[in-house]
Amino acid sequence: MRDHPRLPTSPGFWRSPLRGPWLTSVLGLVLLTGITVLFVTGLVSYAAYNPGLSPVNDQTPDKGLLGFYLFAWPTDPVWLYRLTQGTHVTLGITLIPVLLAKLWSVVPRLFELPPARSVAHALERVSLVLLVGGGLFEFTTGVLNVQLDYVFPGSFYPLHFYGAWVFFAAFVAHAALKAPAAVRTVRRRTAGRAGTAERPAAADAGTLVAPRPDPPTVSRRGPLGQVGGASLLLLVTTVGQSLGGPFRRTALLAPHGTADPGGGPNGFQINKTAGYAGITAADTHEDAWRLVVTGRTGAVRLSRAELLRLPQHSASLPIACVEGWSTADQWWRGVRLRDLAALAGYDGAPPDLFVESLQRHGAFRHAALRANQVADPRSLLAFQVNGEGLSPDHGYPARIIVPAAPGVLNTKWVSRLTFGDL
Ligand SMILES: Nc1nc2c(c(=O)[nH]1)N[C@H]1C(S)=C(S)[C@@H](COP(=O)(O)O)O[C@H]1N2
Ligand SMILES: [Mo]
């Protein structure tokens, strides 16, 4: 009779015949590509907020040297943030089964004794703590932010941002150590010398392959099928939120904004409703609401009627949220931001712009835009969408819409524009 070790630290405790270098290598190589894309699109997403511009945009004020790569976010192509952030969120969710399977495949190694055989081995194990901990942390905070809507009041960005750097540093070290062997393992198997793949001479195999495996119940490719199937299921129930339009309804796993926005010209996804933001009909009534525009020439107060007498322009632009959802292009109509800059005394190249709304509380009640965004002829203070006045939930009486920018910069219920270098 075989004895069954009770402690996970004894190799015999782990009995699945599926664990081995081949499975770990395939999953590792998928993550190598996927997590690199996640890291790059994540950094890009941070840059899109213009965090170097104003403290109100920057949710990680102590970024220090980590902001070395920031650049002026372009306004072309208009779907840029839809693509980068849609990729970030959709890919992150799709990779969850791969991440979990990868952890499952190496779990015996996490319990290995002695904890350290040498200084190098000790360092490797410490880096594994950062790798596994950092990976779980990044995926968890990301999913919570997408699913639960601001469970971290104001603090999601620093957590996810700093976590990303710690995780990616450990990830690069790990990949540099393991990727060459992983590639060899997968190649060997693909070349047909599979027979030896389960028990290769490589020292690595020792703790991955169960010394006394249970009899197999699925083929060795079985787990890949299951992981692939789970990932595919997550993909098809998420990606609709980034495609928008009719596909929005297929995004069963992306609950945000599924509150029915209604039909008609204003019938597209709503992030925060006017009610949620504390905007009342009295605040936005024609008699009460004025737009205050400040710049070189002091402050100008404009009523809605006066603004509608200024030259009106149109632009077809999407809204793309950090949460990964976006809308197809909507047809906006309003006054160009650069025309308002001219009104404030900036006739040539416009400066940066600080936008404030009627909203009194909440992180997104104000935002800073860069000069390149203000200068774009498609950047509007919009009064209409798809041929109709803005609905209260989409920002009546006026909202900002800027090409390629994250949704958070498209401030709704605007009350004040301050032009000047920030
Ligand atoms: N005043 C104000 N403007 C705001 C927000 C807000 O909370 N308050 N949310 C922003 C975010 S995060 C997004 S994604 C867009 C969504 O616009 P929509 O609700 O019209 O789709 O509005 C932006 N404008
Ligand atoms: Mo957003």
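All residue numbers here begin at 1 and follow the chain in the order shown.
Placed from the backbone N, Cα and C atoms, the Cβ positions cover glycine too.
Automatic prediction, not curation, is the source of TrEMBL annotations.
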Stated TrEMBL location of transmembrane segment, expressed as one of 65-85, 128-148: 128-148
Annotated stretch (region 'Disordered', per TrEMBL) among the listed ranges 191-219, 278-306, 365-393: 191-219
Beyond the flanks of the transmembrane segment (89-107) by at least 6 residues, Cβ under 8 Å: 8, 14, 18-19, 23-24, 27-28, 30-31, 34-35, 37-38, 41, 132, 135, 139, 142-143, 146, 208, 223, 226-227, 230-231, 234-235, 238-239, 242, 253, 323-324
Summary of DSSP states over the domain 'Oxidoreductase molybdopterin-binding' (284-419), given as helix, strand and coil counts: 28 helix, 50 strand, 58 coil
Local confidence of the domain 'Oxidoreductase molybdopterin-binding' (284-419) - pLDDT mean: 96
